[in-house]
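Taken from Swiss-Prot, the feature region 'Disordered' covers 1-82. The phosphoserine annotation in Swiss-Prot covers Ser11, Ser13, Ser217 and rests on similarity to another entry. Residues or ranges marked as compositional bias 'Polar residues' in Swiss-Prot: 58-73. Among the features that Swiss-Prot reports, region 'Involved in binding clathrin heavy chain' is placed at 93-155. Look at Swiss-Prot and you will find Thr187 tagged as phosphothreonine. What Swiss-Prot lists as disulfide bond is Cys199-Cys209. Swiss-Prot lists Lys204 with the feature N6-acetyllysine.
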Amino acid sequence: MADDFGFFSSSESGAPEAAEEDPAAAFLAQQESEIAGIENDEGFGAPAGSHAAPAQPGPTSGAGSEDMGTTVNGDVFQEANGPADGYAAIAQADRLTQEPESIRKWREEQRKRLQELDAASKVTEQEWREKAKKDLEEWNQRQSEQVEKNKINNRIADKAFYQQPDADIIGYVASEEAFVKESKEETPGTEWEKVAQLCDFNPKSSKQCKDVSRLRSVLMSLKQTPLSR
């Protein structure tokens, strides 16, 4: 019965049995073949002149255009891994690296808020400048008016002072007090100048009753060239 099915035909004929296939090696070979097929589809194949890897036979579900892909609305779409899968991977990576929508909205709101704050600060600065300029002009105007009023009041006070009785005596007393104050100040080299202030050097003065021209000339010379000690 076994002979009828031919199970032991190879052993009886003396031919060596085929070695058992390694599952790990077969899996690695299949993966390398698939990777090579993807690279060839995306344009990353070997350069011209090199031997391309043999294409893996696909499932034979039909003949003609059915082996190449699926036709939808007159367009043929590739069912195997091709450029569409590569673009999808890139789009997925972009979605992963893209900022979340909440953070993007927060950044946009912060940018608009900073722009509004900058514009408001510029407007406020301009208003402060105009206000400061106006205040300075008003202060200068008030100061000028106050100075003019002080001048007028001083003139009126001086006129009233000299019109009051005994104004000469009051003025003489004030001059005497100023002279005493200056005389108490000890400044080297001004002694004869202080002495000359006590004399009347007007030759037409009616108060003089004696000839003091000689003494006057001596005092003038001492005032101009004091004696050296």
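Cβ coordinates come from backbone N, Cα and C, glycine included.
Long-range Cβ proximity for Ser217 (phosphoserine), meaning a same-chain Cβ under 8 A and a gap of 6 or more residues, is found for none. The average pLDDT computed for the region 'Involved in binding clathrin heavy chain' (93-155) is 89.
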